[in-house]
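Taking it in order: structure first as structure tokens, then the write-up.
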Amino acid sequence: MKSYLWSRYKEAKRVTKELVPSIMSNMLNPDAIFSNNEMSLSDIEIYGFDYDYTLVFYSKHLHTLIFNAARDLLINEHRYPAEIRKYDYDPNFAIRGLHYDVHRALLMKIDAFHYIQLGTVYRGLSVVPDEEVIAMYDGSHVPLEQMSDFYGKSSQGNTMKQFMDIFSLPEMTLLSCVNEYFLKNNIDYEPVHLYKDVKDSIRDVHIKGIMYRAIEADIEKYICYAEQTRAVLAKLADHGKKMFLITNSPSSFVDKGMKFIVGKDWRDLFDVVIVQAEKPNFFNDKRRPFRKVTERGVLLWDKIHKLQKGQIYKQGNLYEFLKLTGWRGSKVLYFGDHIYSDLADLTLKHGWRTGAIIPELRSEIKIMNTEKYIQTMTWLQTLTGLLEHMQVHRDPDSQMILEEWKKERKEMREMNRNFFNSHFGSIFRTDENPTYFLRRLSRFADIYMASLSCLLNYEPDYTFYPRRTPLQHELPGWSDQLCTGTFRIPFLQETVQIK
């Protein structure tokens, strides 16, 4: 039996090795647009955009700025120890979509089924042993009532906060660094207070204008100039599409950024511009009227009867927006980077089509296209199938071999995680399952892409078709066939023979 199992192992490895070149000949395109829902651009008459991380992208310096400014606010306004200044921002620590247990001060990655990915739970800057995690949560499942609320927040008994915003990367890192300082110095503290103080400090970096002033003062340092943003907008305008901008950022900040990346005439491209919209409240609160903003940033008290091209408006609400523009339903496509604040309400309540901008997608696809990753993933899938079907052999020698395979599989899963981020892995997958982030992305975004520039690769009447991925019961996996060492022997036969 030992020789039989190892012969299957070697044969599976041989077939896997032969398969790798054919997989590498079908690389994924990092500049492609991916579809969760069938959607034809020929049906889209109106295009809407968020500003930050949608029309404009920022350099790596911005997150360092936010981290340092919030850290200083903790020290100067919340009386945190000055020693936390020794911690610098680490761009390689956190990834988007992580959950934070507010009461236990733990940062972690959770999959689409509310299961914690063991090995990705961090207290401060140190990983928590699997045994401790399982003891704390009575397993690795997080009950629904403890999960974050609809917008990813911890409220009304929800003990988890989900960080969905790209701007939240410095917040997660700062939380972890201050936790680390308290733990290393044996300082007793209340995790709930720490979470609130860090959240308030990050908020104040935006609200008090610290971030906006820094970017405006050195726009070339912080904004990644990309002529393709103008190319996208110009292409849509040339095809007669209407366009609008709804952003939470202030007027002067948006104006300077758009002049830098698009040009002084940027407002000529947009039919409506709305700033300081306070999304997601903008999509739900029917009470707030629009206010016109002058060139000097002065707010006028005039009643708004029409949203005029070339003007800038502040606040307002979507219901008034729909009344004034008549832009309703599936002829509208709105792009944003925040799955909850930008997209969720639009698709669920208003029937707009939605496009998610996921900058991390490009770098992850490039990793997935490397030979090392393809070799690792192909063999990992094959080995998993081999374990599944050979577990029917219950004799001691066979079980010893299977334990060896399980150990190899665990090591390969860790290797796979490290391809993307050594702490948390990919933002889209845990081990086999989709992440909670991907689950929400699939629910609230019709299409998703790395940047708006991907639109330049498609004609304005292009139809996006989602790939039909087989359900677990529909088709045998290709790895199952590899594990047999042949394409003719069904596993059911082997199981029956053993019984």
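Just so you know, glycine gets a Cβ as well, placed from its N, Cα and C.
If you look up TrEMBL, you'll see Asp50, Asp52 marked as active site, nucleophile. The Mg(2+) binding site annotation in TrEMBL covers Asp50, Asp337. As annotated by TrEMBL, GMP binding site applies to Asp52.
Projection of TrEMBL feature records onto the structure.
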residue: Asp50; record: active site, nucleophile; Cβ within 10 Å: 24
residue: Asp52; record: active site, nucleophile; Cβ within 10 Å: 21
residue: Asp337; record: Mg(2+) binding site; Cβ within 10 Å: 23
### Query
How big is the gap, in Å, between the Cα of Asp52 (active site, nucleophile) and that of Asp337 (Mg(2+) binding site), rounded to a whole number?
8
### Message
Cα-Cα, whole number of Å: Asp50 (active site, nucleophile) versus Asp337 (Mg(2+) binding site)?
### Response
8
